[in-house]
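Engineer: This is the structure I have questions about; it appears just below.
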Amino acid sequence: MKRMAQLLALAWTLTLAGPALAQETVNIGLLSDLSGPTSAVGVPYSEGVKDAAKYLNENGGIAGKPINLIEVDYAYNAQQALAAYKRFTSQDKIVALQGWGTQDTEALTKFVGKDQIPTLSASYSAHLTDPAKAPYNFFVAADYSTQIRGALKYFKANWKESRPPKVAFVYPDHPYGLVPIPAAKEYAKELGFEIVGDETVALNAMDAMAQMLRLQKLAPDYVWIGGTTPSAAVIMKDAQKLGFKTTFFCNIWGVDESLFKLAGDAANGAYSLQTAVVYGQKVPGMAVIEKMTGGAPKMTHYIRGFASMLVMAEGLKKAAAKGPLTGPAIKDALETLRDYDPMGLTPPISFFPNDHRPNMAVIIYKVEGGKMVETATETLERKPEWLGK
Amino acid sequence: MHGQCGLFFRTYAGEAQLFPSRFQKIALALFFAALCLAPWAMNKYLVSILCLINISVIGAVSLNLLTGSCGQISLGHGAFFGVGAYTAAYLANLGLPFVLALPGAGLVTALTGMVFGLPSLRLKGIYLAIATLAAQLILEYVFLHWDAVTGGSGGMALDAPSIAGFAFDTDLKMFYLTLGVAVLCVLAVSNVMRTRLGRAFVAIRDYHLSAEIVGVDLFAYKLRAFGLSSFLAGVGGALWASYTMYITPEQFGIGLSVSYLAMIIIGGLGSVIGGVFGAVFITILPECLNFLAQHAGAAFTDLSGALLAMKEGVFGLVLVLFLIFEPEGLANRWRLVKAYWKLYPFAH
């Protein structure tokens, strides 16, 4: 009985301690996948967010108040994300949320809109950029559709032959893989590409030989890979085994530093579409990151996490300068960002009240000898008809 | 004066009562009163956990009816849950009131479940499990590709449900809605188990040949089990959709089916209360681990990281430990606890 009383007393103190802390810090929720199916990239991303918060706190925080990141591992499960979100809003009194993947971001879209909690996530589906549908959702990378469009534009501009270039699409039959395909095909047609085929390769595929054989017969000049690194590696290795020569280009989660180990020299010559710099590039933010990490290389996902926190902090600072930190104030502040430069880590970021596309720029890297070499940055026009598609 | 000691039934009906003793009725009434009042003393987080528990209870109890009571293994329950969610969202977006969309979702899911239950006539055990796994995969494919109805990869949004102009737009209101539906579902399944239908299910589970010999039409009853169980799963899915207000195909993956199976194994196969216990246990487990990781983290930083990394492992470990040490689930433990107190202090 005595122990029960002690436990109750402890629980009571903890509940009381919550709101008391909330007054002195800027509470931000951080939903991470540290143990679930996307943890391989979720862990470095969350490290980036946390290191950025640490850096910001060392440099004065938000209007003198430190950022208090409250992290919950939701294991890429919508139900757990929902519970964590409710805890953030009721116990931790967060003012903004750093989200993670498609599953949690979309399951929470309605809630963050209703509760007015500005959310920056790493799910770059184009439909989250339309404020009419997702008013409180933001992210700091060009959406998946814009990324492919940028790459297609780059390839078309560098196409030397007189015949139209041929392109094929390989993607998992999964929401994440399917989302940008209609936009990509439409734009490819508009640019004069010949679309020769579609293949699906699952995210956890062990083999893509059959698909590569079929594609080899169609002889595409360019092949889009819309998976994650393990499936991209399988595709590239099987293509190499078949002697299938083509130019692969992969989306943001399909090439990172782990691909070099998974695919070896089969990855050589592939293009990677990114929206942030890679570790070691000479930009002001990298000096900060190198200092914080003691020179230990970090994945590109880490850098995007870092940038995401920097952008959120900029919104928080702007809102704090005007008055109390509330969800609508932060949203309004974010929507006034014009070409905000997160220390060179990503192309400049702008949000508009009717358009949450951060920018229209995709950084194209080429994989050469186990390294990502920056090739070009392709910037598209901010066309209203592309918003949310 | 000699009072009765223990329960003495003089009629079969008396024995088949849901709550045979007055003590049970009073205890249950007090429990419900406490449950209904509890959210007022809780914050939104805890209320939302209660909502999730209510929804999981429906799913677990319905799967327990099919798998635990009738012996038909289903690995497609997560997808059936999804059919309910999508149907409810579609009907709600058509403008149908929630009171019609909810049973509508149940009916569509029941039909779907019965279609995928057709192979159960010839398949048993692991073979049926594979057939229902196929249902899971096919339905997931449909969610993802039938853009016109399901919104495809972009998902589907709907508004908070409302009944006669009263909108269930807060966690507290949703709690009462989900609790009400969960109670109805649990009562329905409890009652089914007391009828000819329920006894037929148990007969099929125990030995199909004997069941057939005593006059149970195997196919018809198996299909009924699929239909009934899917109906309830559909209702659960509809509540999930109404609660989150945004559904995507990813939410109804094989992981959800597995977690429902885990619920009924941990709770106790074939017992209604077992489904409830399992749902409570599995919903609370990750929250407890998160709580531990966070508060242990203040004292031991390393432990917090290790706990987080182990979370998924702990889920598996709990399942294995249950199978080894408590194969009949929490429901059996509950019976033992009750028996202990019945004999207290004269346990031998």
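Placement of Cβ uses the backbone N, Cα and C atoms for every residue, glycine included.
Residues or ranges marked as transmembrane segment in TrEMBL: B:23-41, B:47-66, B:73-92, B:98-118, B:125-146, B:174-193, B:226-246, B:258-285, B:305-325.
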Engineer: Is the transmembrane segment (B:125-146) in contact with the transmembrane segment (B:226-246), using three or more Cβ pairs under 8 angstroms as the rule and ignoring pairs under 6 apart in sequence?
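Structural biologist: Output no: the transmembrane segment (B:226-246) is apart from the transmembrane segment (B:125-146).
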Engineer: Taking the transmembrane segment (B:73-92) as the first stretch and the transmembrane segment (B:125-146) as the second, find out whether 3 or more Cβ pairs fall under 8 Å, excluding pairs closer than 6 in sequence.
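Structural biologist: Between the transmembrane segment (B:73-92) and the transmembrane segment (B:125-146), contact is present.
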Engineer: Considering only the recorded stretches B:47-66, B:98-118, B:258-285, state which has the highest number of Cβ pairs under 8 Å to the transmembrane segment (B:174-193).
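Structural biologist: Out of the listed stretches, B:47-66 contacts the transmembrane segment (B:174-193) most.
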Engineer: Any chance you could find the range in B:47-66, B:98-118, B:125-146, B:258-285 with the most Cβ pairs under 8 Å to the transmembrane segment (B:23-41)?
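Structural biologist: Counting Cβ pairs under 8 Å, the winner is B:47-66.
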Engineer: Using Cβ atoms and a strict cutoff of less than 8 Å, what residues sit near the transmembrane segment (B:47-66) while being 6 or more residues removed from its termini?
Structural biologist: 38-39, 72, 74, 77, 81, 171-172, 174-175, 178-179, 181-182, 185-186, 189, 192-193, 201, 225-226, 228-233, 235-237, 239-240, 243, 260-261, 263-264, 267, 269-272, 274-276, 278-280, 282-284, 287
